[in-house]
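Colleague: Take a look at what Swiss-Prot says about it:
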ACT_SITE  Asp320  active site, proton acceptor
BINDING   Lys26, Ser27, Arg31, Ser172, Gln174, Asp320, Lys347  3-phosphoshikimate binding site
BINDING   Lys26, Gly99, Arg127, Gln174, Arg351, Arg392  phosphoenolpyruvate binding site
Amino acid sequence: MHDKDVVFTAGPGGRMQGDIRVPGDKSISHRSVMLGSLAEGVTEVSGFLQAEDCLATMAAFRAMGVEIEGPTEGRLRIHGVGLHGLKPPAAPLDLGNSGTSMRLLSGLLAGQAFDTTLTGDASLVRRPMRRVTEPLRAMGARIDTTEAGTAPLRIAGGSRLKGIDYAMPVASAQVKSCLLLAGLYAEGKTCVTEPAPTRDHTERMLAGFGYPVARDGNRVCIQSGGKLSATRIDVPADISSAAFFMIGAAISPGSDVFLRHVGINPTRTGVIEILREMGADIEILAPREVGGEPVADLRIRYRELRGIRIPEHTVPLAIDEFPALFIAAACATGETVLTGAEELRVKESDRIQAMADGLTTLGIDARPTPDGMVIRGGSFRGGAVDSRGDHRIAMSFSIAALRAPIPIEIHDCANVATSFPNFVELARTLGLDIEVS
């Protein structure tokens, strides 16, 4: 956890112009280390996100005996140890602020011969883990949590896992991925059915490492007994990081931004769909496929936005982008209504309440609901808001300053380093006036 209050002071006003590539995708970076470590041979990764969350995953595998060279300018060489080559770590694995690391590792480690303990910072140990521990226990895993169902997770080694056919109550890529990774070690077949599509990076990457995955509509199955073969991975730019600049350009008159090599996996493009529905001018240029993942360049120019009722099918496809989308809604004409997004209340912070409080402080009519928010577009005033240590909230309010008449001061921004360490530098490149103190 970061002790010092890092403050961003952003704006006021301005526009965004320029041509940049944002850092590598966080989801794909995590998974490249996990599967590369379990593969046979040396996996080479380029475009790896050198942010605290992904470095926490890397440190965990190093602690379990995996040799990883780098990262140097986003390049890694991972000397895989095979599915059964991990060694017991000498101490609990501290995963910092990273929910992805904890939930995916819980599945992967449930099938090992040794005991492990997973812990993290003050935010991570408050996040709900029953969603992974309950189905893992149904597979035969032995995992202890706190009474509240939160970390530390104590995972007993030597459990004989059995395949499961699990229907997820809530759409969650982390739960799906956790169970598929456990399925690598479970007797027989493991199948997961999701109520709505979620990001499918794990399935794509397993296939990229030569491991067969069967997909049929909203159901995915994996059979144990295979092996992962080392490969090369080129991590595309993270659409969740690109979203801040997409929205910055969409809300500030005179803006014209070009974002290169962005991952446009269809399970992640809800932000583009929602912005286009609001009237945003977004071009998808030179679409191509890189290592099994769709990639394109994006051009975003300012155009006036209108409020909409956000289609519920887009919620899992844009779950990490809603803090920034709330800023777009605040700049739109009319009312924007989000429903079906109760998942936002159990992210790094309660993102519904934190964003509603911040928007209200800045003069916007934002009414939180149990599963979403109603935002009436208006004019920002300046002021001070609290990001609650949540990286995405800190970056979202920074972008809001493009439409504010006086600066916006955002407190508790140190965790921006968990996902987007050079956010301030790139934001300045595009024309945002932002200071860090």
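Cβ coordinates come from backbone N, Cα and C, glycine included.
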Colleague: Taking Arg127 (phosphoenolpyruvate binding site) as the reference, which of Ser27, Gln174, Lys347 (the binding-site residues) have a CA within 10 A of its CA?
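Modeller: Near Arg127 (phosphoenolpyruvate binding site), where near means Cα within 10 Å, the binding-site residues are Lys347.
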Colleague: Between Arg31 (3-phosphoshikimate binding site) and Gly99 (phosphoenolpyruvate binding site), what C-alpha distance do you get in Å?
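Modeller: Computed Cα spacing between Arg31 (3-phosphoshikimate binding site) and Gly99 (phosphoenolpyruvate binding site) is 13 Å.
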Colleague: If I restrict to non-local contacts, at least six residues apart, and a C-beta distance under 8 angstroms, what lies near the residue listed as 'active site, proton acceptor' in its own chain?
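Modeller: Set apart from the residue listed as 'active site, proton acceptor' by at least 6 residues yet with Cβ under 8 Å, we have Ser240, Ala243, Lys347, Arg392.
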Colleague: Within 10 Å of each Cβ, count the other Cβ atoms, then let me know which of the binding-site residues Lys26, Arg31, Lys347 comes out lowest.
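Modeller: With the binding-site residues Lys26, Arg31, Lys347, fewest surrounding Cβ atoms within 10 Å: Lys347.
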Colleague: At the Cα level, what's the spacing in Å between Ser172 (3-phosphoshikimate binding site) and Gly99 (phosphoenolpyruvate binding site), rounded?
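Modeller: Checking the Cα atoms of Ser172 (3-phosphoshikimate binding site) and Gly99 (phosphoenolpyruvate binding site) gives a distance of 12 Å.
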Colleague: Looking only at Cβ atoms, how many others are within 10 Å of the one on Ser172 (3-phosphoshikimate binding site)?
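Modeller: Its Cβ shell of radius 10 Å holds 21 other Cβ atoms.
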Colleague: Taking the Cβ of Gln174 (3-phosphoshikimate binding site) as reference, which residues of that chain separated by at least 6 in sequence fall under 8 Å from it?
Modeller: Gly99, Thr100, Arg103, Leu104, Val132
Colleague: Take the C-alpha atoms of Ser27 (3-phosphoshikimate binding site) and Arg351 (phosphoenolpyruvate binding site) and report the distance between them in angstrom, rounded.
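Modeller: Answer for this pair: 20 Å between alpha carbons.
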Colleague: Let me know the DSSP-derived helix, strand or coil state of Asp320 (active site, proton acceptor), please.
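Modeller: For Asp320 (active site, proton acceptor) - judged by DSSP and reduced to three states - the answer is helix.
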Colleague: Residues with Cβ closer than 8 Å to the Cβ of Arg351 (phosphoenolpyruvate binding site), same chain and 6+ apart in sequence?
Modeller: Phe322, Pro323, Leu344, Arg345, Asp390, Arg392, Ile393
Colleague: With every protein chain in view, how many other Cβ atoms are within 10 Å of the Cβ of Arg127 (phosphoenolpyruvate binding site)?
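Modeller: By my count, 18.
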Colleague: What's the number of neighbouring CB atoms sitting within 10 A of the CB on Ser27 (3-phosphoshikimate binding site)?
Modeller: 28
